[in-house]
Amino acid sequence: MRAALLLLSGNALAALLLLARNLVVARLLPVADYGVAASFAIVVAAMEMASELGLQQQILQSRRGGEPRFQAALQGFQLLRGALAALALWLMAPQAAAFMGAPEAAGAYRALALVPLCKGLVHLDLYRLGRGLRFGPLALGTALPALGALLVGVPLALWLGDWRAMLWSVLAQAVLMVLVSHLLAERRWRVVLDRAAMAESLRFGWPLLLNGVLLFGVFNGDRIVVARELGLEALGLFAMACTLTLTPAQILRRSAQSFYLPQLAAAQAAGAADRFDRLAAAAAQAHLAMAVALVAAVAACGAPLVGLVLGPAYLDMLPYLGALALVQALWLAKGGPAVVALARGRTGNAVASNLLRVAALPLALWLAARTGRVEPVIAVGLLAEAGGLMVALWLARRRAGMRLGPVLRPLGPVLLLMGLAVAGPMTGLAGPAGALALAALGLTCLLAMPELRRHGAAPA
């Protein structure tokens with residue numbers, strides 16, 4: 001457990017450092033320039049999605065993962081994959097820049113081809129060390145490049161004052177990722193092009209590739225819609241709103257999975273059905289509680305935080321910040337049934353629950369083009385995530401044997417509480433009356449979660 005918490009702390013620190021980088025750079029740049037900078041993240045994510053085969057997971061999972069020859073074969077395949085992705089991005093950079101509404105940044109998009117190439121050069125020894133529960137080097141290998149990105153991005157934003165600051169920050173993070181991985185590795189870096197190992201990696205990684213495509217749609221589909229139909233300034237506002245709401249949701253969901261998955265897996269391996277059911281109920285309720293906390297925090301602190309940290313240029317996103325937090329909260333709530341299914345070995349459940357969000361993107365695109373506003377895009381995402389939560393619960397019941405009573409019991413009060421937290425100020429339910437109603441609903445939620453109270457909440 002201590003080793004898992006060490007790895008988690010490294011991931012959380014890296015996420016917080018990148019969040020700080022984004023907040024400071026956004027404050028220093030015009031909104032439209034931050035929109036161009038946000039498009040860089042979309043392009044890099046697209047390249048990663050198109051070549052994600054889970055080689056890091058494979059070196060942990062495979063029986064041959066500790067063999068030097070097999071590691072060299074994976075590193076060779078990783079380098080080949082990174083080089084091909086870099087070449088594809090370099091060739092398609094002008095078209096990608098035009099598609100995102102930033103033709104003037106075509107040269108920057110070409111420079112971003114360095115990112116997948118650098119990721120192809122990363123030493124997999126940091127992941128191999130995790131086979132012995134030695135996660136310290138990997139935690140450092142994740143956090144130090146993020147720190148470098150912050151230290152490069154902020155001074156350049158002060159000096160340059162445009163999107164080039166973010167470009168250099170992204171490139172610095174990629175280069176540092178390679179350097180740190182080689183400095184912390186224990187084995188020499190070797191590459192071998194082994195066709196048999198490549199075939200094994202393709203068999204292992206194609207489900208992860210499919211899930212990566214879906215997750216790209218979940219996390220970046222709405223941003224692409226906004227960039228295409230509403231422009232880079234709208235993208236700058238929307239991307240920052242996503243950053244403020246999605247980053248804490250991702251940290252919370254990863255934290256809860258790291259906390260509950262080992263316990264659920266141990267109960268499953270021991271055949272302790274009663275303990276598994278109790279832990280499953282506690283895990284699902286913990287995700288609901290964290291979803292409520294996320295929405296409440298954004299509703300209470302969102303406006304002051306935006307005004308203080310980002311300044312008046314970003315106040316235009318406040319009308320939809322709470323609704324976007326509700327979208328991310330529903331995605332966070334899906335983590336409960338997802339971790340239960342994962343403990344049962346049902347990895348396809350997460351894919352199925354994300355399909356609705358991706359399938360709804362054409363409707364979001366059509367509505368954005370018709371209305372010229374971002375709110376319909378968020379509304380479509382909200383409905384799709386609500387449907388995805390229902391699908392996740394149904395699949396967890398059908399495929400993983402999860403009891404739904406402990407989840408459905410608090411679900412109504414939880415959804416009502418989150419809805420009131422977002423809509424209260426707009427409907428006049430504010431002041432003492434609103435606070436009293438929210439407090440009563442919060443108490444109802446806690447009373448409806450006895451399994452969570454008995455087994456403890458997931459770590460924040």
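Placement of Cβ uses the backbone N, Cα and C atoms for every residue, glycine included.
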Under TrEMBL, which of the candidate ranges 101-117, 271-287, 407-423 is annotated transmembrane segment? 407-423
Which range wins on Cβ pairs under 8 Å with the transmembrane segment (36-55): 166-185, 206-226, 232-252, 288-314? 206-226
Could you check whether the transmembrane segment (355-371) and the transmembrane segment (206-226) come into contact, where contact means at least 3 Cβ pairs under 8 Å with the two residues of each pair 6 or more apart in sequence? yes
Applying the under-8 angstroms CB criterion, which one of 138-160, 288-314, 377-395 scores highest with the transmembrane segment (206-226)? 377-395
